[in-house]
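Here's what TrEMBL has on this protein:
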type	residues	note
BINDING	GLU35, GLU65, HIS68, GLU136, HIS169	Mn(2+) binding site
BINDING	ASP60	Ca(2+) binding site
Amino acid sequence: MWYYVKTLEYPINLKCNDLRIAKFLISQYGGPDGELSAALRYLNQRYTMPTNKAKGLLTDIGTEEMAHVEMIATMIYQLMDNASIEDLKKAGLAGHYTDHGKALYYADAQGNPWTATYIQAKGDVVADLHEDMAAEQKARATYEWLINLTDDQDIKEILRFLREREIVHFQRFGEALMDVQDKMKCKK
């Protein structure tokens, strides 16, 4: 079903440690509006989509969200690379270090672990596509807040790329919703 290409969707080569922004990026890794939640939501909901076009769209976007998980993981890892324990303490990451060392862990910025309650699958195509559109808008907003929290232009460029992908996904889900609703009207 998938073909893994050993390159990131957008190149990431961060040169400076920035534990403060790494701590906040963790939320896009495993927080309620993060990339893991989006990927799992779409890949799960695709089974109840009424058209092959909608199923394909959720598969495509869910797969792309997994690529975004990889991008966020790469950013966090590079931003934490070579950080001392003292640096981690100063950045408010002592709790993370206690439980995980410098390993990545699906959590939000406060350290709350990822939970399946972050995602929804109602089994109603209209409700699910509205859920997906809302999820993309929440992710877009989070990327905007993250852009505001850093002065590093390399980080900002990556976050802008991810934000733009959320906007495209929102638009594609809106198109899918209109398409499905048109097909539902024809059946009546």
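The backbone N, Cα and C atoms fix where each Cβ goes, glycine too.
When the Cα atoms are compared, GLU35 (Mn(2+) binding site) and ASP60 (Ca(2+) binding site) turn out to be 14 Å apart. Between GLU136 (Mn(2+) binding site) and ASP60 (Ca(2+) binding site), the C-alpha separation comes to 14 Å. Candidate binding-site residues: GLU35, ASP60, GLU136. Fewest other C-beta atoms within 10 angstroms, ASP60. With respect to their backbone Cα atoms, HIS68 (Mn(2+) binding site) and the residue listed as 'Ca(2+) binding site' stand 13 Å from each other. In the three-state DSSP reading, GLU136 (Mn(2+) binding site) counts as helix. Of the chain residues outside the Mn(2+) site list GLU35, GLU65, HIS68, GLU136, HIS169, ALA38, ALA39, ILE61, GLU64, ALA135, ALA139, LEU162, ARG165, GLU166 have their Cβ within 8 Å of the site's Cβ mean position. Sequence-distant neighbours of HIS169 (Mn(2+) binding site) (same chain, 6+ residues apart, CB-CB distance under 8 A): ILE61, GLU64, ASP132, GLU136. Cβ neighbour count for GLU65 (Mn(2+) binding site) (all protein chains, 10 Å cutoff from its Cβ): 26.
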